[in-house]
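Here the structure is laid out as structure tokens; the discussion comes afterwards.
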Amino acid sequence: MWFKSWNQTKNNLPDQVAMDCLPRHIAIIMDGNGRWAQKRALPRSMGHRAGVEALRKIVKTCSKLGIEVLTVYAFSTENWSRPKDEVGILMKLLTEYLRKELEELHQNNVVIRAIGILNDLPQEAQHELEHAVERTKNNSGLVLNLALNYGGRSEIIDAVKKMSQDVLEGKQKIDDIDEKLFNEKLFTGGLPDPDLLIRTSGEMRLSNFLLWQLAYTEIMVVEEFWPDFGENSLIEAIKVYQKRDRRFGGIHTN
Ligand code: FPP
């Protein structure tokens with residue numbers, strides 16, 4: 001099967017974005033699928049389906065721009081408390097997405113990764129995910145990092161356990177533990193921290209997302225529901241990010 005190379009359409013991107021100071025890592029809380037559907041008197045499942053379409057477009061745009069990492073909050077540890085049908089639909093959409101999009105993602109050099117407690121996902125989803133990660137592991141383009149059954153607090157506890165185990169086994173000295181080492185024990189080990197966090201649909205919360213990694217991230221909350229968030233919305237968010245003054249707790253001396 002032949003897949004269109006996304007780079008062929010690069011020239012269509014608006015030129016207002018400064019290509020020399022792009023965020024390396026963008027993280028997104030894709031919120032508002034349910035409200036998007038409700039506004040249209042549609043079932044919530046249609047909102048999630050439209051959410052997948054929005055994700056497809058944003059992945060493509062990030063890839064065309066040359067963003068290094070895109071982390072999306074696709075399913076939180078708290079999302080299991082939703083009605084069983086809705087959880088089932090979200091898992092089905094994940095499986096479907098991976099099955100349908102894998103080849104195009106692969107042909108466009110995307111690396112698929114996932115963070116979260118993955119072995120609690122349904123077997124089918126785990127299988128598709130493992131296959132997608134394996135298939136794309138040698139690519140060198142955008143890292144699409146799917147947060148699945150993910151919670152920031154449980155990620156930190158998991159890292160603490162790994163560290164403690166290393167100390168117990170004599171592989172690690174307590175005095176040598178620092179932020180860099182701890183970082184490597186997180187699910188996101190090896191990835192840069194997000195430069196920009198976008199949350200759609202207006203809520204001003206982190207919702208247990210990347211609690212450690214977001215320490216110095218620029219946060220942008222937009223009013224649009226996730227299914228309405230398109231290429232132009234992302235470009236606008238990047239433009240706002242590029243006007244921010246990032247001081248990382250310091251001051252400018254000149
Ligand atoms: C929040 O909207 C969204 C989610 C809980 C799931 C996000 C999932 C997708 C975009 C689609 C599936 C993802 C993949 C990777 C295939 P909400 O349901 O909380 O909306 P509401 O706050 O308006 O009710």
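Note that Cβ sites are derived from N, Cα and C of the backbone, with glycine treated the same way.
Values in this document were obtained by computation on a predicted structure and should not be read as measured data.
What TrEMBL lists as Mg(2+) binding site is Asp31, Glu218. Feature annotation from TrEMBL assigns active site to Asp31. What TrEMBL lists as substrate binding site is 32-36, Arg44, His48, 76-78, Trp80, Arg82, Arg199, 205-207. What TrEMBL records for Asn79 is active site, proton acceptor.
Around Leu206 (substrate binding site), taking its Cβ as the centre, 16 other Cβ atoms fall within 10 Å, counting all chains. Asp31, Gly32, Gly34, His48 are the binding-site residues among Asp31, Gly32, Gly34, His48, Arg199 whose C-beta comes within less than 6 Å of an atom of ligand 1, given in sequence order. For Arg199 (substrate binding site), the same-chain residues 6+ apart in sequence whose C-beta sits under 8 angstroms from its C-beta are Ile28, Ile29, Asp31, Arg205, Ile219, Met220, Val221, Val222. Taking the Cβ of Trp36 (substrate binding site) as centre and 10 Å as the limit, one finds 25 other Cβ atoms among all the protein chains shown. The separation of Asn79 (active site, proton acceptor) from Leu206 (substrate binding site), Cα to Cα, is 14 Å. Among the binding-site residues Gly32, Gly34, the residue whose Cβ has the fewest other Cβ atoms within 10 Å is Gly34.
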